[in-house]
Amino acid sequence: MISLNSIFLLSLVGLSRAAPSRSETSPDRTIKPRAACTPTAGGSSSTDDVPAIQEAITSCGDGGIIIIPADTTYYLNSVLDFKGCSNCDFQVEGLLQFTSSTDYWNGKTAMITVSDIDGLKLRSVTGSGVIDGNGQESWDKFAEDSSYKRPTLLYITGGSNIEVSGLRQKNPPNVFISVKGDTSNAQFTSLTMDATSNSDNLPKNTDAFDIGASTYVTISSVAITNDDDCVAFKPGANYVTVENVSCTGSHGISVGSLGKSSDDTVQNVYARNITMINSSKAAGIKTYPSGGDHGLSTVKNATFEDFIVDGCDYAFQIQSCYGEDDTYCEENPGDAVLEGIVVKGFTGTTSDKEDPVVANLNCGSKGTCDVTISGFEVKAPSGDAKILCGNTPSDLGVTCSSGASG
C-alpha cells in the first residue's frame, strides 16, 4: 500500500520533472539605459542654438532624454521642431529664450512645433525650467499694425501621448499653447503661464490654451496671467478636462467662438475648481448667429463646476450674436444648439462694471438652450445679483430678468 505521504512526494517529483527550469523561461537579455544628450549652448544671442537642440533630438529622440541643464540659457533664433522625437523626454531645467525679431516671426505659425509625435514629455523635473517667447516687441508691433502675424509659442497637431509639465512659460507673441489636428491623450499639468507687458500695449490674443480638434486632453494645476481666453474650447474639442486652474486678467474659460464660417461642434468638456480673477467673464459660450457665411454651432455635454469669481465682469455669459451687431441678429437670430450645459457651484463677487448684473445669458431664438444652473451664489459689489436672460428655459434654475444681449 502506498501511503498518502508517498503519493504527495511522488506528486512533487512529477511536478518538478514537468516544470521548466528558470533558465528555460527567462530570456537572456540586457536592459539598455536610455540615451541621453545635452546640446552645447552657443553662449550668445547671436548664435542660434536650435540646430544643436535638433541634433540632440535626432541622436537621442528615439526613446531617449534631451537635457537643457539648469543655469544655462539657450538662444532660439528660429523655429524649434520636435521631428525625430518618439517617446522622448525633453527636460528643460534652464532657459529657452526665443529671439524677439518681429521680422523673423512675421507669418510663422509657431515657435515650437510638435507634429504627429507619438510620445513626448516636455517638462521640468525640478520646476526651474523656463520657455520665454520674448513677445514684447510683437505686442508693440501688433498695437501699431493689426495685420502683423504672430506665432503661437507651442503648437501641437496630431500625435498622441503628449505631456507638458513643471514649466514656466512666459510672454508668447500670441497664443501660449494650441492643440489640434486630432491630437489624442495630451496632459498639461503644474504649469505657470504669464504674459505681462512692460509698455502701454497689452499682450493681445495670449490665450493660454486653444484646444481644437482633439480627444482626451487634461489641463490641471495651472496658474495663468494673460489678456485673452484662459482656456478656449475650439471646434472639434472632445473629452477635455480642466481642473484646479487659476486665471488672472483673462477672458475666461470659453467655449468658442463657434460657427464663424463652418458648422462647428464642441462636446464633452468639463471645467471644475477654477478661480477667475479680474477677468471679463469667469466662463461662457460664444457662438455666431445664423445667416451669411456662418455655420451651425453645437455644444453638447459641457459642465462648469465650482468656480470662484473674484472681480470678473460676468460670472457666466452666453453670446448668440458673437461677431455681429444687434441689427444683423434681429434679421438673423442665433441658431446654436446648446444641449446638456450645466453650471453649478459658482461663488464670489463680480466687478462693478455691470453691477448689479452678474450673468448675461442670451440664447438664440432659433436655437436650443438646454442649460441648467444650480448653487449659483455670485453677488455684485452692491450686494445684488441680477441675471439677464433671453430665450432660456423655464427650468433654468435661477430667477431671470429681461435684457440679455450679446
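Backbone N, Cα and C atoms are what each Cβ position is placed from, and that goes for glycine too.
Annotation comment: Swiss-Prot describes 1-18 as signal peptide, evidence class sequence analysis. What Swiss-Prot lists as region 'Disordered' is 20-49. Here Swiss-Prot flags 183-213 as repeat 'PbH1 1'. According to Swiss-Prot, the repeat 'PbH1 2' annotation covers 214-235. The N-linked glycosylation site annotation in Swiss-Prot covers Asn244, Asn273, Asn278, Asn301. Look at Swiss-Prot and you will find 266-289 tagged as repeat 'PbH1 4'. Taken from Swiss-Prot, the feature repeat 'PbH1 5' covers 299-320. Look at Swiss-Prot and you will find 368-390 tagged as repeat 'PbH1 6'.
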Cβ neighbour count within 10 Å of Asn301 (N-linked glycosylation site): 15
Rounded inter-Cα distance in Å - Asn273 (N-linked glycosylation site), Asn244 (N-linked glycosylation site): 5
Integer Å distance between the CA atoms belonging to Asn301 (N-linked glycosylation site) and Asn278 (N-linked glycosylation site): 27
Same-chain residues at least 6 beyond the ends of the repeat 'PbH1 6' (368-390) whose Cβ lies under 8 Å from its Cβ atoms: 309, 315-316, 318, 320, 336-352, 354-362, 396-405
Neighbour count (Cβ, 10 Å) for Asn278 (N-linked glycosylation site): 14
Helix, strand and coil totals (DSSP H, G, I; E, B; other) for the repeat 'PbH1 2' (214-235): 0 helix, 15 strand, 7 coil
Integer mean pLDDT for the repeat 'PbH1 6' (368-390): 98
Cβ neighbours of Asn244 (N-linked glycosylation site) where a neighbour is any other Cβ within 10 Å: 15
